[in-house]
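I have placed the structure first, in the form of structure tokens, so that the comments after it can refer back to it.
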């Protein structure tokens, strides 16, 4: 076991604080509309230029083990804020640095770290209550666009594209971001349900120009097992042929003889058919097949439910207006499903999202929900160079998360003013003792720092700007750093999602509280590796050979 280096109390806290400061100072220059860029060197390819706080935080690794502990804990703040709200990472980092600095000063002055933490937690709860009370719901796509514009550092096109996408697929819909080939921003909207399985054989193609299968008014057979021969399916296939309508088969897999028979029938023109594999794996596959069944008013043919293939009738098959299949995706448009049944299924998935503890499961459930409730929109981000495209894609991702957060919990005035005015909610709040009251004061001071930093990045004195606003006392008034004007920020469109501000503060206080109450730090000592012995010249063992 390797030897350990242990640091205690003041020595440990000072080294950790140094690491916190290094990371926070690199991240906070990106805050606000006039925040600066950070250039990140890459081991391969061109350097990356970004204004995204979490991207900067993730790249920082320090040589000193103890300083690195502080930096990594602060990186955790940025990552947590990013995971929960998708934005507010720089705000969270600035808040955490302010809380850690003041907290460590107080601990050095002899205050009880645990009481300081209790005071901090008390103040954070009060500020969160105040933010929720002042939050207003998002109304209309213009406010959604505005949230996107602010989060994308003033890029109007980004905000408008996100608002347009949300309008088309609904607030529950899936919106994905991809890199485009050209210079322009593009928005593609897929109606209906899409899943990532393509046709099993190119012989099913009906439109050779576009290399896709198009089925109009098809029946849809949803089968949860593999199909290796079609003997048991003959009755239903004959019924479909007589109806004159096409058939889509969705099954776990369609192998050998079964696939060959379908292809031959398709080529002879007797049966208009296409086959795809079922989406997902395991239990998730069953759930997704059930979703498709509800969407198309069909039944999932499952032997577990006592339904055999030979007993299937036409009214057990799903129906849709149109199905399009390319080599990678299948899209079912306008399924014949009952609106009430679909609504019930949506509620059921929502309940599962609430109770699940796994981020992966939650993401997959949200995808299923979106496919049932709305549709899928793809925003394609263009640019002149690869570096520009990547930087813009980062901003679009941030803006997308921010707009979702705004729809979820509403909005507050932006530019750091919501937290600045929350200091009023802390007036008169006292802890059980002086140390707890000091913890409350730490938060009162810390929640001014985002506004001060935004003003400083715009070339103003942060303390003067904060003082001016607190003197005016109108909670709608703020400092618009983009135009250097004091004005009503909501009216000017400078707004932040309440969820982003709330999670930034809660995550910052959580990690800062842990750092303040740290009394020892343990790290591995580097091993002294012995120097490699000097090799003798030539090839060993070849001496004495006379050529």
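Counting starts with 1 at the first residue shown.
Every residue, even glycine, has its Cβ placed from backbone N, Cα and C.
Computed from a predicted structure; not experimentally measured.
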Listed range which Swiss-Prot flags as region 'Disordered', given the options 506-526, 527-547: 527-547
Tertiary neighbours of residue 415 (ATP binding site) (same chain, Cβ under 8 Å, six or more apart): 32, 451, 454, 478, 479, 480, 481, 489, 494, 496
Which secondary structure state does DSSP assign to residue 90 (ATP binding site), in the simple three-class scheme? helix
Long-range same-chain neighbours of residue 88 (ATP binding site), Cβ under 8 Å, sequence gap at least 6? 81, 402, 496, 500, 501, 503, 504
Across all the protein chains here, work out how many other Cβ atoms are within 10 Å of the Cβ of residue 32 (ATP binding site). 27
Most Cβ neighbours within 10 Å, among the binding-site residues 30, 90, goes to 90
